[in-house]
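Q: Taken from Swiss-Prot, the feature active site, proton acceptor covers H122, and the record attributes it to sequence analysis. Under the heading NAD(+) binding site, Swiss-Prot lists A23, T27, F34, R35, Q104, I106, D107, H122, T193, S194, N216, I234, citing sequence analysis as support. For F34, I106, D107, the entry in Swiss-Prot reads nicotinamide binding site, with the evidence type sequence analysis. The Zn(2+) binding site feature in Swiss-Prot is assigned to C130, C133, C152, C155; the stated evidence is sequence analysis. Here Swiss-Prot flags 1-247 as domain 'Deacetylase sirtuin-type'.
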Amino acid sequence: MDTRKNLKELIKSSSNIVFFGGAGVSTESNIPDFRSEEGLYKTKSNFSYSPEVMLSHSFFKEHTEDFFDFYKEKMIYKYAKPNLAHHALAKLEKVGKLKAIITQNIDGLHQLAGSKNVIELHGGVGRNYCMDCNKFFDLNYILNNKEVVPKCDVCGGIVKPDVVLYEEPLNMDNINNAVRYVENSDVLIVGGTSLVVYPAANLIHYYKGNKLVLINKSSTPYDRKAQIVINDSIGSILGGIVEELGY
């Protein structure tokens, strides 16, 4: 069975596609994922705590300077550019085929590629808010701030990135929005995620159709439920297909 050809036909024939993606979408933009052998959780660093600990709400509260040291070094990739997957998805949205992108990533590369309807389950590095007065700050304010801990230029409060840390709940509006898109989609393409991070991985259970596509370099717990499984680079697969279709 030519899975790539089948995916091409699905994309060609559908105008109600939803994409759900994880860290593997951005690894081709040289942003490391979390759980692979080269991922953030496996590689050695100069920090005294594990990434899981440092990316927790309690660590942010108790060791705010250490949090920002880690965050600025390991979570922000200001020179990263959208890759073939990001551009392909933006084109599919532009021609009216893709209705929403649901992402676990915080890098903002989908928007940089031109995608409009992006649901960021774990937040985004481009949004930062004063914890006291709620003033908005962009990423440059964090990067260019001379202090390790960025402070609000109005009230002096700590400026916290709008990313979901461990021990923090996901935004229920985003979850409900994502569920609605998944439930109503004709084709659900899941890419670059091992589907082991909950509650985000639960989204797949809301899909009611019979055109589930999984594109990931390694197998996932949901492979047997999918109509199409492709263990390959999501950028080369989606990028190639979208180019062939002339979108």
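Don't overthink the numbers, they just go from 1 along the chain as shown.
Placed from the backbone N, Cα and C atoms, the Cβ positions cover glycine too.
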Q: Just to be sure I understand: of H122, C130, C133, C155, which recorded positions have a C-alpha no more than 10 angstroms from the C-alpha of A23 (NAD(+) binding site)?
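A: So the list is empty; none.
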Q: When you average the Cβ positions of C130, C133, C152, C155 for the Zn(2+) site, which other residues in that chain have a Cβ within 8 Å of that mean position?
A: M131, D132, N134, K135, D153, V154, G156, G157, V159
Q: Quick check for the class: what is the C-alpha distance, in angstrom and rounded, between C133 (Zn(2+) binding site) and the residue listed as 'active site, proton acceptor'?
A: 22
Q: Taking the Cβ of N216 (NAD(+) binding site) as centre, how many other Cβ atoms lie within 10 Å?
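A: Neighbour count, Cβ to Cβ under the 10 Å cut-off: 24.
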Q: Using C-alpha positions only, work out which of the binding-site residues I106, C130, C152, C155 is nearest to N216 (NAD(+) binding site).
A: I106
Q: Rank aside, I only need the closest one: which of the binding-site residues I106, D107, C130 has its C-alpha nearest to that of the residue listed as 'active site, proton acceptor'?
A: I106
Q: As a test of reading the model: what is the averaged pLDDT for the domain 'Deacetylase sirtuin-type' (1-247)?
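A: Mean model confidence (pLDDT) across the domain 'Deacetylase sirtuin-type' (1-247) is 92.
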